[in-house]
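S.K.: Let me begin by handing over the structure; questions about it come next.
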Amino acid sequence: MRLAAAAPLVFGAAVMVAAEFVVIGLIPPIIADLRLSPAQAGSLITVFALSSALLGPPLVAAATRLPATFVLAGALLPFAANLLLLVVPDFPLMLLLRVLQGAALPLFMSRAGVQLGGGGGNGQGIALLYVGVTLGGTLSPPAGSFMAGQFGWRLPVAAIGALALAGIIACLAGSFDAKPDRTSAPWRLLARPTLRRHLLLSTLAFAAMFTGFSYAGLLLRHAGFVGDDVTLALLAFGAAGLGGNWLAGKLASRALAGTAISALLTAMAALTLGTGPFVAGVVIVIWGAAHAAGFVFCQVRVMDAAPEAPGFAGSLNISAANIGIAIGSLGGGKAIEAGGVTGASAAACVIALLAVGVALTWPNSNVIQTSS
């Protein structure tokens, strides 16, 4: 697919992931404005992840025969509905939108992944899609926090709604191949031990990645970053992620090893962040590149494991990833309560070693050479 034709897909992915993670930077003003407890505000993150994990795959299975243009544009509608919060800043409405958005994310990402992956897990095509994921995931928290500080939390939320509306128009104007999954019973894929093992590895990898990243701001402050330095560090993290995307696309045939190595590198980076300013700068670059590469490697692995239904398989991977994100964010928080900021880094290393163990004990495969 040409770059111009792929642009609506990359843009849509960026908007959706920005919507998922912008809340990280908005929780303090949301708590103050709506008079919520931290647990209530934190549920905005939890319900998105759970909805994505539980509702995404059934929605993808139900929509597998629908036209790609209809699916892609329709999946962006709940995100455009953020504009409602400008006039109705109501917490129950926010929760409802987060549920709908969480369910829509795998629908968009799986269909876009099939389009860019040529009907399978083409590494460079998936890497292109995850450029949007990297930009949305790393830029939205600092950008949202800055905008909220200047204009209130509703403006960045509404801005994402306006961007989603632009994405809908772009998708409706685009030209996409149908490329439906070639199986009428996608749920039977879960009977495959290999696919279940791939999903377990994705869950562990994302848990390791987000045990640290969920608390990146705290880790950076613990390493000596203050004020605008934290924002600059997150921007460097995102820029390095673009390089990680490119590298993962080139090394897609080694996605199994890549997943394990990426998870381990992100955990080790979080653990060594506080060893000095120069080292911290190098570590942030490695961390950002490995973090973004992990997204690509996981999606390629799982889509390749079910070539007759790559869209549905991709949605299962997104579900597994969101379960990992939930485990990582919860586990990281508990680890910080128990052992301070570095407790999250240590917990990430433990989970990453579990991911490495799963990869090293993969049956009938050479971990270093292939993901199959």
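A Cβ is built for glycine as well, from the same backbone N, Cα and C atoms used for every other residue.
Note that this is a predicted model, so its numbers are computed, not measured.
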S.K.: Can you say which of 155-178, 251-274 is given as transmembrane segment in TrEMBL?
M.R.: 155-178
S.K.: In TrEMBL, one of 22-42, 43-63 is tagged transmembrane segment. Which stretch would that be?
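M.R.: Based on what TrEMBL states, transmembrane segment spans 43-63.
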S.K.: Counting only CB pairs under 8 A, let me know which of 43-63, 70-89, 199-218, 343-362 has the most with the transmembrane segment (155-178).
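M.R.: If we count Cβ pairs closer than 8 Å to the transmembrane segment (155-178), 70-89 scores highest.
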S.K.: How about long-range neighbours of the transmembrane segment (279-300): same chain, 6 or more residues beyond its ends, C-beta under 8 Å?
M.R.: 113, 121-123, 126-127, 130, 133-134, 138, 201-202, 205-206, 209, 213, 223-225, 233, 236-245, 247-249, 251-252, 255-256, 258-259, 261-263, 265-266, 269-270, 272-273, 314, 317-318, 320-321, 371
S.K.: Mark yes when the transmembrane segment (199-218) and the transmembrane segment (312-331) have three or more Cβ pairs under 8 Å (sequence separation 6 or more) and no when they do not.
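M.R.: Answer yes, regions in contact.
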